[in-house]
Every structure is written in C-alpha cells, then in structure tokens.
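Novice: Got a structure for you, written out below as structure tokens; questions coming shortly.
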Amino acid sequence: MAKDRLHVRLPRAGPMAPAERCGLCRQTFFCGRGHVYSRKHQRQLKVALERLLPQVEAARKAVRAAQVERYVPEHERCCWCLCCSCEVRKHLSHGNLTVLHGGLLEHLASPEHKKATNRFWWENKAELQMKEKFLISPQDYARFKKSMVKGLDSYEEKEDEVIKEMAAQIREVEQSRQEVVRSVLEPQAVPDPEEGSSAPGSWKGTNSQVASISQQPSYLDLPPAPELDWMETGQPLTFIGHQDTPGVGNIHSGATPPWMAQDEEYSSGNQQIGPSYEEFLKEKEKQKLKKLPPDRVGANFDHSSSTGAGWLPSFGRVWNNGRRWQSRHQFKTEAAARNKQSHKEKKLMIS
C-alpha cells in the first residue's frame, strides 16, 4: 500500500521583490519595475512634468531677449527641478541687478542636468518627445549670454537717461528757488503818484534807505518802538483797547499760568486731594473679600470687635491638657452648674 501512494509536490513560492519607494506616487511598492508602467504612475508623472513645463517655457523665451531689472527680494525665488530632485534659483542676481530666468537657464544647460534628465526618463518611462523641452542646448545658452550683454548695456543707458532727467529737474528747481530769492532781495522802485513812473531819484532814495538800515544795530539794541495810533482815520482795523490786567501779568512776562495758581480757599491749609493711603488699603482689602464666596464660614465676622480670653470653644475640652474622661467629667459638672443657675434665674423672674 505504501508503494501505491502518490507524492504531490507543491510549487515553491518565488522570492519576493524588494520594496521600492516611488517619489512621484509617494508610496512603497513590491511589484518591481512593473510599477512605472501603471496608470497611476504615468498620471502622476504627467502632472509633475506639466507643473514644471511653464517655467521652462518662460525661461526659453528669455534666450533671445534677456531682461535686466533692479534687484528686489522677490528675485530670490527658487523652483524644484524634477529631474535633479533639487531646488534651483530662477533668476541670476549680482549686486543690485537681476537677469530674469538666468539661473534656471544656466541649470538647464549644465551637463549634470542633462545626465539626470536621461536617468529620470529611463527610470520613469516618460515620453521621449518631451525630453527635449526640458533641456537647453549649448548654442541656445551662448545666444542667451549675448542677449544678456545687450540687455545690460540697454539697462545702463536707461539708467543714465533717468539720472540726467533727475539732474535737469534738480537744476530747474534750484534755478527757480534762486530767482525767488533774488526777486525778494532786489530793491524795488517806488512809483511816483503824479507822473505814474519811477523817477531816478527814487532809486537813490531807496538805496540810501537800504544802506542805512544795514548799518543800524540789531533789533536787540533798539529802544522799544512807540505805540501806533490805532485810532487814526483810514485804518481798516478797530482798536478795542489793551487787555492786560495791571499787576497780574501773563505767561509771556513770566507770570504763573492761571491753571497752576492756587485758589484762595485752599491756599491757607494743605488739604489732601483724594483718599489717604490707609483708606486705599481698606478698599483694596474689600475688593479681595468680594471675590470670595459670600456663604463661607466667618464671612460676617466683625474683626474689629473686642474678644476676651475665653472666646475659644470649650466643648469636648480640646484645648485642655489631661485625659478625656477628666474633660468629660468637668464638662458635665459645668453643664449642671449652668442649668442650676438658669433655674434660679427663672424662679426669680416668676416671683
């Protein structure tokens, strides 16, 4: 019977493929190289390439016409290179100047980026027609360098023109200011009311007046000027009289301002303004007690009341020394004495 038994051999399980991590799908798979052909992987690859493609196309447009601008902090932005798995600066800055898309073009034209792009296309099985869109040939990069030199020259010319315009505006403002000052300082002729024209002698008179004024001492050494006659006929203003109070003075003459002067009723004594320090402490203590619960033990206790030495509770003899049975007998004796005394008082009241 043993010879008639059939031996069935089960197929052995092959070795499991090692775990691999897909950066595009962000998951771990065990199916080996077959994962790159899956629909999910191809969809994620297409989305990632379409996200990078607009930035590369904008950089390609700058190959023939490089743009140079003044440096601003926004030019420090970076973009993620999907093939090299690293961040790349989009613009090329030096000093206070920035060449737009210069950093990205320099990276796309580097041999390291070309090797990484070939490896990325081979590992992820991307479309071969799209690989040339993410590469910059050396000829295109040389053309970009020439256009960058032209852009720098044109930028310097524009800056020179702006500086010249600003200098012309400054000269115009300075010239107008000097004309205004000159027109104020130049002596003007006094017109003759009878002839309607200025006589030669009037210029001499004004010049002599200017010379005499310049030779006079400063206004600090001059005596006080006499008061003008405001009641003179022909004046458009009305004189309402002097408002100075005699013997009082004002703030211009060094007197004490009225809002700082002491009142007569308070000048005799030093009256304190506001509550005293003790009242302030009492009020502060009341505010603290208001925050406590109103039904607490001892809330209505008057701390200012006078208490004797026997105010502590005497029940149970907790404050006495000795044994508990002695305290119990003493408590009973005192209770009996109190009852006897109260009984006598009741009899006296009845009688």
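Glycine is no exception: its Cβ is also placed from the backbone N, Cα and C atoms.
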Novice: Look up region 'Disordered' in TrEMBL and report which of 184-231, 232-279 it refers to.
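Specialist: That would be 184-231, per the region 'Disordered' entry in TrEMBL.
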Novice: Which is it, of 24-55, 120-151, 152-183, that TrEMBL names as coiled coil?
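Specialist: So the range that TrEMBL calls coiled coil is 152-183.
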Novice: Could you give the number of helix, strand and coil residues in the region 'Disordered' (330-351) as assigned by DSSP?
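Specialist: The region 'Disordered' (330-351) comes out at 21 helix, 0 strand, 1 coil.
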